[in-house]
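Engineer: There's a structure below that I have some questions on.
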Number of protein chains: 4
Amino acid sequence: MESSAFALILTLALAAPVAPAERKCLLSGSWQSDTGCRMVVSTLGEDGRFSGSYLPGSATGDSEILTLPLEGSQQDAGLVPQPIFSFTMHWRLQDSETAQTTVFLGQCYVGSNGEEILHALWLRREATNSPVEDWKATWVGTSIFTRIK
Amino acid sequence: MESSAFALILTLALAAPVAPAERKCLLSGSWQSDTGCRMVVSTLGEDGRFSGSYLPGSATGDSEILTLPLEGSQQDAGLVPQPIFSFTMHWRLQDSETAQTTVFLGQCYVGSNGEEILHALWLRREATNSPVEDWKATWVGTSIFTRIK
Amino acid sequence: MESSAFALILTLALAAPVAPAERKCLLSGSWQSDTGCRMVVSTLGEDGRFSGSYLPGSATGDSEILTLPLEGSQQDAGLVPQPIFSFTMHWRLQDSETAQTTVFLGQCYVGSNGEEILHALWLRREATNSPVEDWKATWVGTSIFTRIK
Amino acid sequence: MESSAFALILTLALAAPVAPAERKCLLSGSWQSDTGCRMVVSTLGEDGRFSGSYLPGSATGDSEILTLPLEGSQQDAGLVPQPIFSFTMHWRLQDSETAQTTVFLGQCYVGSNGEEILHALWLRREATNSPVEDWKATWVGTSIFTRIK
């Protein structure tokens, strides 16, 4: 009796699919965006902070840009399966005096197919000369990242 | 002759107004927003990173929130008079399971009256259960901060 | 008796302050924004649609622009005291081939001082050549309008 | 000689691919978004105005919503191959007192594969009680629409 009960439990355990909610989305690794950019999240601290690098796509027309360092953090890293994250890049076009900063705010999801996917919105700001010109300083958009395997 | 030349130089120096472009906007200190929030930027590192605390206004209806820690960075800190900055707050309402993160992206200006002023846009994101629900996760808005004296 | 009762009612009617919630914010008329723009909402249809004109401020640096026609609509016009509204402007800089469109989405409020005030966010889009460049096409910001008296 | 010259011209005409820049993106017809929504642009006026209907996807969790009427306009309709467009929907959840309005601002592109595609950003606003609460009224996001064949 005991052995058959054990076998039953084992069978159930083996057969039980891992619920999507139990899968975790991990930010570390290499990602590519739907707009042709690539990103590497290289380190991930215990406090949820991370750093990495960002490579804008050839589509940007800013071919003079190589790789940008990024700094960010996750919320409740290690505690929740699908953490919210944010990161920042400060940059400057080589042919321009203009400083720009981009911030991404997204969530790291486990999709219905079990694959990790990042959905993010971003704001990009260009330095202006005075508060009067500030109204035209900021762009907005979205990016979806999938893991490079 | 020398003394009168010196007096002339001194007079010119005293009379010369500091050009607005030479004034610097410093992020450290206490700020209040046009929406009733308060913010203290307490430390400012040589690499442009800073930390501080954020106190949402009573207007938010989220009275259970006390003070939120914030982490951020300036672009070209110490090099430009009106730096771009960004900062992030991760938070969680006490009466809710819902995690939220807010990112601010702004520029620290010296206004025409010589007073420092921060113009920022922000994105606020709420955790959702799946990519399918992601479309309704993000709010947007602006904040203008002036220094608390 | 009747005349004194009538007098009492009249007195009450004259003395009764109009509750803020009963005050209505009306979109028609002339408005100025916190960024130096002016707007006239000239007609207001029964179906909530309206038209008007928009004059960008000198602050925009786009001095070649004169007045732009705007088209919009209110939600539940005449039924709610503080209606949501939206309007659109299609425009083209005289020194440029680039077409742009701006959409405003806001709410018409009666402020605590009894004055009408419009709070709006806007998106501004510039035509690009292909979907690949679309990511950099859109700006975002806010405007607050008060009535020109 | 003549007939062979004619044959050559005919051959060239048949072989000449239509340049992508000459293809036009037409807004009229049925579209589906990357977030599971459907849209029909039913009429298209000479002045660029259009109307239609919008069906939010089952993904929204707002199953009580049926079809929403939309009103919009294109910039330079008929003159440019890839026009900018905007449209507005006013709506109200059946189980709610809360009025909402959504504005879309996008561009109608001919993709590299010759297929039409709409890239849009949107703002969604919920009515609030006063200017003090206005800061939390507005969501932002993007939608990509492809034609339903």
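These residue numbers are counts, starting from 1, taken along the chain as shown.
For all residues, glycine too, the Cβ spot is worked out from N, Cα and C.
Automatic, uncurated: that is what TrEMBL annotation is.
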Engineer: In TrEMBL, A:C108 is paired in a disulfide bond with which of A:C25, A:C37?
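Structural biologist: Here TrEMBL pairs A:C108 with A:C25 via a disulfide bond.
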Engineer: Helix, strand or coil: which one is A:C108 (disulfide bond) in, per DSSP?
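Structural biologist: The three-state answer is strand.
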Engineer: List the residues of the same chain that sit at least 6 positions away from A:C108 (disulfide bond) in sequence and have their Cβ under 8 Å from its Cβ, in sequence order, or write 'none'.
Structural biologist: A:C25, A:L26, A:L27, A:Q74, A:Q82, A:P83, A:I84, A:F85, A:E116, A:L118
